[in-house]
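Take a look at the structure set out below.
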Amino acid sequence: MYLYFLHLHFLQCTAAARHAELLFLSDVLCVTAVLGQNGWSVTYTSTHICALKGSTVDIGCSYSYPNNRNRGIMFQERFWFIRNEYYGPVDLRTDPDYTGRVEHQFHEKDCTLRITDLRESDSAEYKFRFMTNQYGGSYTGSPGVTLTVTDLQVKRRKSSTHTELQCHSSCDVIDPPSYVWYKNGQKIKEETSSLRVSVGDDDSSYSCAVKGYEGYRSAAVYAPKPPSVSVSPSAEIVEGSSVTLTCSSDANPAANYTWYKADGRTPLSKEWWLSFNPIQPSDSGQYYCTAENDLGKRTSEPVFIDVKYAPKPPSVSVRPSGEIKEGTSVTVTCSSEANPAATYVWYKINGRTPLSEERQLVFSSIQPSDSGQYYCIAVNKLGRKTSEYISIDGKCEWNYFYTFFSNPSITSLYDSEIFLFFLRLYLLIFFSL
């Protein structure tokens with residue numbers, strides 16, 4: 001061992017009763033004394049201590065120096081430290097990581113250190129140092145006391161039908177270790193370090209503690225709670241925007257997430273979020289997520305995504321199809337995909353007055369004067385689209401001439417000039433069509 005002066009090292013073991021509030025490795029405490037010249041020494045009651053996170057620990061210590069009244073020995077500094085700076089050891093009481101958590105019990109030759117609310121970061125080698133007004137009268141007990149702060153953890157090993165839980169710590173608070181198991185906060189089993197549970201959908205939680213230190217339990221493990229789904233942005237979803245679905249579930253250990261579209265078996269994502277950038281009308285539908293860990297699986301309620309979009313270019317259809325004869329009924333229909341649904345307006349080319357504000361433009365008895373080009377406009381709050389032009393040709397038929405010449409009042413004029421005039425006129429009209 002190293003000290004500032006040549007020293008002797010001896011080890012003696014003494015029995016000590018365990019303090020209920022303080023966590024030591026064993027009921028048997030090993031005392032390490034570090035002696036310097038002429039009776040200067042630092043003695044630790046144990047060189048290794050295992051303690052639980054959140055608990056309080058006492059690191060026992062005493063020191064001695066030569067009993068020489070003629071020298072007038074006076075203490076200038078007494079403190080514990082775990083690290084050195086360029087100017088020397090740093091008093092633990094000035095370390096911001098230990099503010100309000102350390103207490104020195106300096107009376108007579110006792111130098112016990114108490115640390116409360118232990119953290120895993122407190123694991124370190126602790127040393128006591130004292131300085132006097134005498135030349136060379138500064139001593140550090142080295143090596144010091146190694147403190148290991150452990151946080152109980154429930155580890156898991158999963159099979160197809162069950163999960164085995166294991167109570168684990170990085171060091172043994174008692175030797176041999178003994179544990180207590182809890183289900184939903186109620187004690188269910190003692191002595192063993194493992195527990196077998198069925199994999200299911202119940203809401204049970206499990207935790208463990210070191211026997212004798214039940215006040216410092218592990219964090220509880222449990223299956224995921226029913227997941228909730230949120231949509232961002234929460235306002236109306238418009239084609240081309242960026243949309244993110246978020247799945248969240250309270251679970252320990254943390255859940256793994258999977259996204260699905262309703263009636264779909266193929267996973268869309270293995271993340272806790274599902275993003276659409278940019279979102280398309282085809283993305284409309286119901287979505288849900290699952291949350292799963294070693295203790296169970298839960299499924300969210302479905303959420304409906306309704307993508308709004310402006311009308312697509314309209315298509316126009318004519319019924320009946322084929323040649324249109326004068327006097328027949330003709331219906332022209334305008335169709336456009338849109339969300340919300342589109343409204344329609346019909347126009348004849350070069351005309352400013354709407355012919356109809358319905359989806360269909362109906363000619364109950366089409367006439368040659370109805371011939372021409374038509375188009376429709378589909379409109380909703382997000383935009384408007386205009387269709388291609390469609391031509392309507394209402395043709396006259398020969399039966400008009402048959403009706404004219406079969407009239408008795410007309411046939412009596414066959415030999416007259418009037419007959420010839422009307423014959424030329426109608427032939428001219430017929431062949432011009």
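Just so it is clear, glycine is given a Cβ too, placed from its N, Cα and C backbone atoms.
What TrEMBL says about a protein is an automatic prediction, not a curated fact.
Here TrEMBL flags 1-16 as signal peptide.
Per DSSP, the secondary structure of the domain 'Ig-like' (143-210) breaks down as 0 helix, 41 strand, 27 coil. What TrEMBL records for 143-210 (among others) is domain 'Ig-like'.
Model confidence over the domain 'Ig-like' (227-300) stands at 95, taken as the mean pLDDT rounded to a whole number. If you look up TrEMBL, you'll see 227-300 (among others) marked as domain 'Ig-like'.
Taken from TrEMBL, the feature domain 'Ig-like' applies to 314-391 (among others).
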For the domain 'Ig-like' (314-391), the DSSP residue counts stand at 3 helix, 39 strand, 36 coil
